[in-house]
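First comes the structure, then the notes that go with it.
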Amino acid sequence: VDISDLYNLIFSFPRFVGKMETGNLTVIKEFVLLGLSGLAEQQQFLSVLLLCMYLITISGNMLIILVVGFDFHLHLPMYFFLSNLAFVDICFTSTTIPQMIVNILTDTQTISFVGCLSQLFFFISFVNMDSLLLCVMAYDRYVAICRPLHYTAIMNLHFCVQLVAGLWIVTYLHALLHALLMSHLYFCASNIIHHFFCDLNPLLELSCSDISLNVMVIFTVGGLLALTPFICILISYGLIFSTILTITSTQGKQRAFSTCCCHLSVVVLFYGTASAVYFSPSSSFIPESDTLLAIMYTVVTPMLNPFIYSLRNSDMKRALQKML
């Protein structure tokens, strides 16, 4: 079976834009991504800035993967999760930013219907995986600090591999659910997307179908996948902070607080901006503000992760010097 035929069958491609008064039907074969056109005066500056941030993100996260793979002393659960986070961050940013840069450089703002759904699928997969990995890493730190004697027994390699594999399955199923629901919508208002990638809210804004099921899935399944990791992270760091307070060494206490606060700042930045985009009322949808918020969690957070999780880590710095 040809894979493209199977894909088109599953996603019911193409969808139609109806001109019911004339009886004509126009096939939607592509969408128009306006990208940063709403910020026309700053578009060139933002495109160069985003390209630099993208290159830093790719370089920093690739360096993490190479260092962890190079030094067998880093073959521990903490660095296993960190290398997975680095890989997800590379895929996460590569899903959206290169397309936007190509559109700006070639002055073509179109993306095919199948390409749009594919981008939506992978974007949802990677953003959820990023969220869940942050939760798993917080739990790993909780076990290491609060239950150090049981750390080896709990966070063994077999459990870590199974955990990450399970997370990938959950995120792919969730993304597939959204992609299938989106593929069965009809788009009759316009094919212009006020965003730099195919995201849920901008696509739902274009649909003339009943989107109540899509909205319900966003607020239920999506809310569960977003809030559960966030709550678990807060609980984990709350228990970690309570354990840190019992440390008698002032220097050790300050260093632990500093590290945890940096980690929490990334978590708050990621979850705060993502929640503002996906869980705000549709009536308050403003393309420019949603675009800037999306840039925060799609570009800024993945770029900061290598600095916060690695450059502040003495083991990672020693391994990097050894590799160089």
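Yeah, the Cβs are placed from backbone N, Cα and C, and that goes for glycine too.
It should be emphasised that the depicted structure is a prediction, and the values quoted were computed from it without experimental measurement.
Summarising the annotation, TrEMBL assigns domain 'G-protein coupled receptors family 1 profile' to 60-309. Residues annotated as transmembrane segment in TrEMBL: 45-70, 76-98, 110-129, 149-170, 217-244, 256-279, 291-311.
Ranked by number of Cβ pairs under 8 Å to the transmembrane segment (149-170), the listed stretches 45-70, 76-98, 110-129, 217-244, 291-311 are led by 76-98. Using a Cβ-Cβ cut-off under 8 Å and counting only residues 6 or more beyond its ends in the same chain, the transmembrane segment (110-129) has close neighbours at 7-8, 11, 13-15, 28-33, 88, 91-92, 95-96, 99, 167-168, 170-172, 174-176, 178-179, 182-183, 193, 197-200, 203, 225, 274, 297-298. Mean model confidence of the domain 'G-protein coupled receptors family 1 profile' (60-309) amounts to 84 (pLDDT, 0 to 100 scale).
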